[in-house]
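Some features that Swiss-Prot has for this protein:
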type	residues	note
DOMAIN	36-158	domain 'MPN'
MOTIF	107-120	motif 'JAMM motif'
BINDING	His107, His109, Asp120	Zn(2+) binding site
Amino acid sequence: MKQLSFLPGEMTPQDRRLIQRALRALDRHLHEPGVAFTSTHAVREWLRLHMAALEREEFRVLYLDNQNQLIAHETLFTGTINRTEVHPREVVKRALHFNAAAVILAHNHPSGETTPSQADKTLTQRLVQVLQLVDIRVPDHLIVGGRQIYSFAEHGLL
């Protein structure tokens with residue numbers, strides 16, 4: 001099986017079309033009735049395909065209902081090559097707009113390094129705190145760096 005390049009300048013048009021088809025298929029799967037995020041595998045693959053080749057940091061939120069089914073997803077903030085300013089108030093506002101019971105947070109590190117910075121850890125703690133005030137759970141915060149993904153939940157940081 002051919003390895004896909006995740007560097008934007010190295011992707012062939014064929015690779016881009018293949019990724020777009022995979023994203024559409026995963027999107028359809030994630031929006032099927034009854035599909036719950038009991039396993040993070042599909043979420044990770046979806047995020048990897050969406051975010052691995054981005055040249056600037058993006059902060060995304062996946063909004064889930066009480067059964068952990070996807071309600072909606074969106075990019076809330078876009079930053080520079082090594083930083084994104086995230087406003088907790090906006091995250092809460094959008095989660096309430098979608099009537100979410102839980103949110104999965106995600107952002108990318110264009111450098112490919114997935115280890116969270118102290119700023120990442122502080123932001124995550126702050127978001128968990130403010131979302132708890134309105135009874136919204138945060139099952140995970142994922143950092144995408146190329147083909148690698150770091151999970152705050154798996155590392156005991158949530």
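One is the number of the first residue shown, and numbering goes on along the chain from there.
From the backbone N, Cα and C atoms, a Cβ is placed for every residue, glycine too.
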Intrachain residues whose Cβ lies under 8 Å of the motif 'JAMM motif' (107-120), provided they are six or more past its termini: 51-52, 54-60, 81-82, 84, 86, 141, 143-146, 148-150, 152, 157
Cβ contacts of Asp120 (Zn(2+) binding site) (under 8 Å, same chain, 6 or more positions away): His107, His141, Ile143
Additional residues around Zn(2+), ordered along the sequence, whose Cβ is within 8 Å of the centroid of His107, His109, Asp120: Glu57, Thr84, Asn108, Thr114, Pro116, Ser117, Ile143, Gly145
Segment confidence, the motif 'JAMM motif' (107-120), expressed as mean pLDDT: 95
Close in space, distant in sequence - His109 (Zn(2+) binding site), Cβ under 8 Å, 6 or more apart: Glu57, Asn82, Ile143, Val144, Gly145
His107 (Zn(2+) binding site), number of other Cβ atoms within 10 Å: 26
Three-class DSSP secondary structure - His107 (Zn(2+) binding site): strand
DSSP three-state assignment for Asp120 (Zn(2+) binding site): helix
